[in-house]
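Encoded as structure tokens, the structure appears first; notes follow it.
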């Protein structure tokens with residue numbers, strides 16, 4: 001049964017991919033959705049047997065490749081961490097499949113779309129169930145490939161092509177870091193198996209790498225390289241630029257990428273490798289600081305976006321920052337708990353946004369919306385629930401994880417802990433502002449849409465509304481029912497799947513020692529953010545942040561996404577220019593071609609043409625050529641014997657050795 005969880009999506013995508021033209025779009029949709037649905041049902045059963053009953057399961061299927069120094073097998077690990085991720089991935093993927101049947105019903109390539117969704121789900125399941133780094137890396141790369149196919153699904157659109165290529169290239173940087181981290185792991189532990197590496201981690205604390213006469217702590221280097229992979233896949237500051245542009249794909253793709261699959265892979269990998277990260281305090285510091293900066297950056301950028309999906313995309317980037325710095329303060333369980341909670345309300349927000357876009361004939365600019373609360377009451381209600389859960393409104397799902405992350409950061413009592421706490425708290429204000437700004441501009445301000453668009457507006461049909469209502473229930477109740485089980489004091493829910501050193505365990509201290517003002521601070525910031533959004537968009541919409549020179553510059557800085565794309569474009573342009581003018585034009589197509597294949601073929605072509613003129617057909621011409629050739633070879637042999645008589649060949653060797661030795665003495 002456990003293997004069916006992984007293999008059913010593969011079966012669904014194979015049938016839709018190879019036989020889609022025979023079974024049609026509807027048949028492909030039914031088969032892929034059914035396969036993912038049964039995978040979700042089996043995941044729930046596995047969650048009960050493994051996580052709730054405390055029985056970890058490891059399945060070794062077959063050897064993959066073997067040598068005297070290295071071996072890897074096809075194996076699947078089902079522990080608590082795996083089963084929590086299985087629930088998140090399969091449930092959200094099932095709901096996205098159901099939603100897509102109606103949302104993409106008019107697309108002629110529906111069977112291909114459903115096949116890609118199934119491929120995406122399969123590779124994510126491979127990533128989270130692998131029991132070694134190589135198999136995890138296979139799923140890691142497969143998720144990147146599937147994201148490229150889905151972002152570029154409408155391949156006739158130039159912007160979709162650019163966004164897909166950008167996502168692929170930016171993620172290659174992170175993937176390269178992850179590959180180096182796996183190689184470093186093998187160099188230290190002589191294996192890539194999780195169980196062996198994690199069991200031996202404590203014995204390798206003092207190991208170092210020698211690099212250019214510098215000693216580098218081995219576990220720190222491994223963790224930093226693995227974290228580079230997480231930075232790329234989970235869109236942390238520096239390698240985040242692909243995530244907003246991924247909105248060029250269909251809206252169900254955005255929901256699946258942002259809620260349950262690709263961007264959660266980095267957080268999962270950090271939690272999986274917690275036995276390594278715990279022995280590197282510097283790596284944890286880097287994880288904390290970068291996560292906090294990502295959280296703040298994305299929140300400030302989201303407040304000035306006007307595209308409906310981009311606002312939600314930047315909120316994903318911000319929430320990923322919370323998850324990452326939760327792992328950085330050694331509370332991986334809390335990071336995964338927020339990941340699971342976030343999956344429900346983020347999928348709800350994206351799919352609700354898809355309903356709005358679907359109702360307005362693909363319009364995504366919030367400034368051209370408004371007045372939709374009465375026209376789309378169900379969508380408005382569900383998006384309100386998702387937005388409130390996103391900002392951490394009391395007693396909704398987001399509240400039970402997001403506020404605890406901030407309390408733990410405060411209770412760390414370190415410089416980087418305080419840094420993460422204050423940036424995270426300020427980000428709450430911005431999160432509240434752009435969440436309510438989205439609601440006001442889309443649903444509550446007077447309508448700015450065309451009359452023809454308003455006349456055709458309709459609420460979500462049943463197949464689109466059903467997943468939204470299920471996700472809304474999750475956005476309200478999941479956090480409340482699972483908090484004590486996952487992050488409650490004294491819980492043994494995570495068993496051996498997550499490791500925390502006793503000195504880094506601060507959950508009990510944050511529960512009892514955190515001042516009441518600190519506990520209420522996120523709520524205060526959320527209230528202020530909501531009030532500012534209400535005042536600037538409803539009470540005084542003419543008020544502009546750009547009225548002053550300083551305000552205009554700050555607005556431009558945020559609107560240009562902190563100039564990351566600008567800087568990358570400058571460096572990329574210089575690099576591409578160098579690559580074309582020097583590497584490609586001068587070397588590849590210049591010297592190498594001239595001295596290599598092109599030069600040789602040209603020389604032989606000219607030589608053969610010259611020799612062909614000698615083929616006159618007269619016998620005496622051939623006899624004359626033979627005589628000249630024979631005379632030339634005899635002369636060469638005679639001269640060589642004459643030179644050898646006067647000069648011993650061994651003298652050349654003595655001359656060369658003497659020259660080299662004298663050069664070294666001179667240096």
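Glycine too: its Cβ is placed from the backbone N, Cα and C atoms.
Note that TrEMBL annotation is computational and uncurated.
According to TrEMBL, the feature domain 'NADH-Ubiquinone oxidoreductase (complex I) chain 5 N-terminal' maps to 64-114. The domain 'NADH:quinone oxidoreductase/Mrp antiporter transmembrane' annotation in TrEMBL covers 131-420. Residues or ranges marked as domain 'NADH dehydrogenase subunit 5 C-terminal' in TrEMBL: 510-634. According to TrEMBL, the feature transmembrane segment maps to 72-98, 137-156, 208-231, 251-270, 282-305, 311-334, 380-399, 419-440, 460-481, 516-535, 619-640, 647-664 (among others).
Taking pairs at least six residues apart, the transmembrane segment (208-231) and the transmembrane segment (419-440) share fewer than three Cβ pairs below 8 Å and do not count as touching. The list of residues near the transmembrane segment (251-270) in space but at least 6 beyond its ends in sequence, with Cβ under 8 angstroms from a Cβ of it, reads 81, 85, 88-89, 91-93, 96, 99-100, 103-104, 117, 120-121, 124, 127-128, 136, 140, 143-144, 147, 150-151, 153, 174, 178, 226-227, 229-236, 243, 277, 287, 309, 312-313, 316, 320, 323-324, 327, 332, 335-336, 339, 342-344, 346-347, 350-351, 353-354, 357-358.
Recorded stretches compared: 72-98, 282-305, 311-334, 460-481, 619-640; the one with the most Cβ pairs under 8 Å to the transmembrane segment (419-440) is 282-305. Remark: the transmembrane segment (460-481) makes no contact with the transmembrane segment (282-305), by the rule of 3 or more CB pairs under 8 A. For the domain 'NADH dehydrogenase subunit 5 C-terminal' (510-634), the mean pLDDT of the prediction comes to 77.
Residues of the same chain lying 6 or more positions beyond the ends of the transmembrane segment (311-334) and with a Cβ under 8 Å from any Cβ of it are 230, 234-237, 240, 243-244, 246-247, 254, 258, 263, 266-267, 270-271, 274, 277-278, 284-299, 301-302, 305, 342, 346, 349-350, 353, 366, 390, 401-402, 404-405, 408-409, 412, 416-417, 420, 424, 427, 430-431, 434-435, 437-438, 486-487, 493-494, 498, 500-501, 504-507. According to DSSP, the domain 'NADH dehydrogenase subunit 5 C-terminal' (510-634) comprises 109 helix, 0 strand, 16 coil. According to DSSP, the secondary structure content of the domain 'NADH-Ubiquinone oxidoreductase (complex I) chain 5 N-terminal' (64-114) in residues is 29 helix, 11 strand, 11 coil.
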